[in-house]
C-alpha cells in the first residue's frame, strides 16, 4: 500500500522547536548552575586552594572540546551530504538535532552524574564534552534514517535517544563499573543498534520508488569526504577527551591514532580487491577508514600496545568494508533493515569489536604491565571497587557491552513504534532523499 503524501510540518515543527526550547529554558533555570571552576567565586577558591588560573580545568579540556565539537557539527554533518539531493537535510538536520540534543543531554547526564545535595547541576567544560558524546549517539542513529524521516521525527528520535543514552551510560559506567573512554559501547554500539532498530520498525517496502535519488554524484562525494577527514583527524581527541590527565589521555590519543592509520590501508585493500578492475569505492573510503577510531574507544586508555592498535585497525578495515559490500544489501533484502549511511558497518560492528577488545585487554591486565598504581588509576579500582581484579573487570566490560546492545535494540524498537504513527509528516516512499520535501531549494540545476 502506498504511503499517503503528508509532509506539511508548517505547524508541527515550529511548535516542537518553540515548546521544547521553552522547556529547556525553564529546566535550566531550575537546575543548572556553574561549577566552582566556571563560577565567579573561582577567584576566592583559587586563592584558598593556592591554585593559579592555568590550573582551571578549562585550559586542560577546552582543546579536546573544540575538536569533539567540530566532529559533531562539521564531521558528522558533512559525512551525511553524500546523497545527490539531500545535502541540506544531511548537514542541516544534523545541526538541528545536535543543538537540541546537547541541551537535553546536559540535563539528563546532570541528573544522573552531577546533581549536588542542593538539587542543582553544576556545569563545567567536562559536561559540555559529555553532552557532545551523548548527541553523537543520536547522530549515528540518524545515519540509518537519512532521507526517510521528517525533522519532527528526528526531534522525537533525539528526545528519546538522549534519555536512553543517559540511562545506559549510568548503568554501564557507574553501576557496572565498565571503562569506556571513547564510547565504543556507550556511544557507537548503542547509537548504531538504536538507529538500525528504528529503521527496521520504519521499513519501507516501496523505497525503490526513490532509488533515483538514493545515490551520490561527484561533488556530493567530495563534500562527504570533507566530513570524513575532519572525523579522522580529530578522532584521537574524541577518544581521549575525558580520560584522566596524564598518561591515560596521552595513551588514548596514541592508540586511536595508530588504529585509524592501520584501518585506512586495509580499507583501500579490500575495496580494491572486491571492485571491478581494482577501482576504489568512495563509500568505503568515506566510512570504513573511520572504523578503527570506533573500535579503539573502549580500550583507548588501556595498555593495548602500539602493535595491538595496528592489529585492531587492520581487522576493522576488513570487517567494515566487507560489511558495506555484503552485509548492507543482505540486511535490506532479508532483515528488512534499510541503512542509508551504513551505520552497521561504521559504528555498530566496530563498536562491538571495541567492546570485545576492551574486555580482553582489561581481563589480561597485570601489575607487570601497568604497575600497581597504574592498574588502580587506569581501571579506577577505588572505593567500593578497590578489591576488584583485572579478570573480574573484563567480565564487567563484557556486561557493559550487553547493556549497550539491549538498550540500543530494545529502545529502538519502542521509539520506532512511536515514530510509525501517521502524525509526523514523514515523506512518501517515492519522495525520500529529496531536500525539496522540507527545504526551499532555489537552484534546482
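Cβ atoms here come from the backbone N, Cα and C positions, even for glycine.
Where the annotation comes from TrEMBL, it is an automatic prediction and has not been curated.
Keep in mind that what you see is a predicted model, and the values were worked out from it rather than measured.
If you look up TrEMBL, you'll see 49-426 marked as domain 'Ammonium transporter AmtB-like'.
The transmembrane segment annotation in TrEMBL covers 12-32 (among others).
The list of residues near the transmembrane segment (68-87) in space but at least 6 beyond its ends in sequence, with Cβ under 8 angstroms from a Cβ of it, reads 94-95, 98, 128-129, 132-133, 135-136, 139, 142-143, 146-147, 213-217, 220-221, 223-224, 226-228, 230-231, 234-235, 237-238, 241, 283, 286-287, 340-341, 433-436. Per TrEMBL, transmembrane segment is recorded for 68-87 (among others).
For 93-115 (among others), the entry in TrEMBL reads transmembrane segment.
TrEMBL lists 127-146 (among others) with the feature transmembrane segment.
Residues annotated as transmembrane segment in TrEMBL: 152-173 (among others).
According to TrEMBL, the feature transmembrane segment maps to 185-203 (among others). Through the fold, the transmembrane segment (185-203) approaches residues 133, 136-145, 148-149, 157, 161, 164-165, 168-169, 172-173, 178, 294, 297-298, 335-339, 343-344, 346-352, 354-355, 358, 400-401, 403-405, 407-413, 415-417, 419-420 of its own chain, all at least 6 residues removed from its boundaries and within a Cβ separation under 8 Å.
Per TrEMBL, the feature transmembrane segment maps to 223-242 (among others).
Outside the transmembrane segment (254-274) by six or more residues, the chain places 182, 232, 235-236, 238-240, 280-281, 284-285, 288-293, 295-297, 299-302, 304, 306, 309-318, 320-322, 325 with a CB less than 8 A from a CB of the stretch. Among the features that TrEMBL reports, transmembrane segment is placed at 254-274 (among others).
Residues annotated as transmembrane segment in TrEMBL: 304-327 (among others). Outside the transmembrane segment (304-327) by six or more residues, the chain places 254-256, 258-267, 269-271, 274, 281, 283-284, 287-289, 291-292, 294-296, 342, 344-346, 349-350, 353-354, 357, 361 with a CB less than 8 A from a CB of the stretch.
Marked as transmembrane segment by TrEMBL: 348-367 (among others).
According to TrEMBL, the transmembrane segment annotation covers 398-419 (among others). Residues 141, 149, 153, 156-157, 160-161, 164, 167-168, 171-173, 176, 178, 180, 185-186, 189-202, 351-352, 355-356, 359, 426 of the same chain lie 6+ residues outside the transmembrane segment (398-419) yet bring a C-beta within less than 8 angstroms of a C-beta in it.
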Region pair the transmembrane segment (223-242) / the transmembrane segment (12-32), three or more CB pairs under 8 Å: no
Recorded stretch, among 93-115, 152-173, 348-367, maximising Cβ pairs under 8 Å relative to the transmembrane segment (12-32): 93-115
Within the predicted model, mean pLDDT of the domain 'Ammonium transporter AmtB-like' (49-426): 96
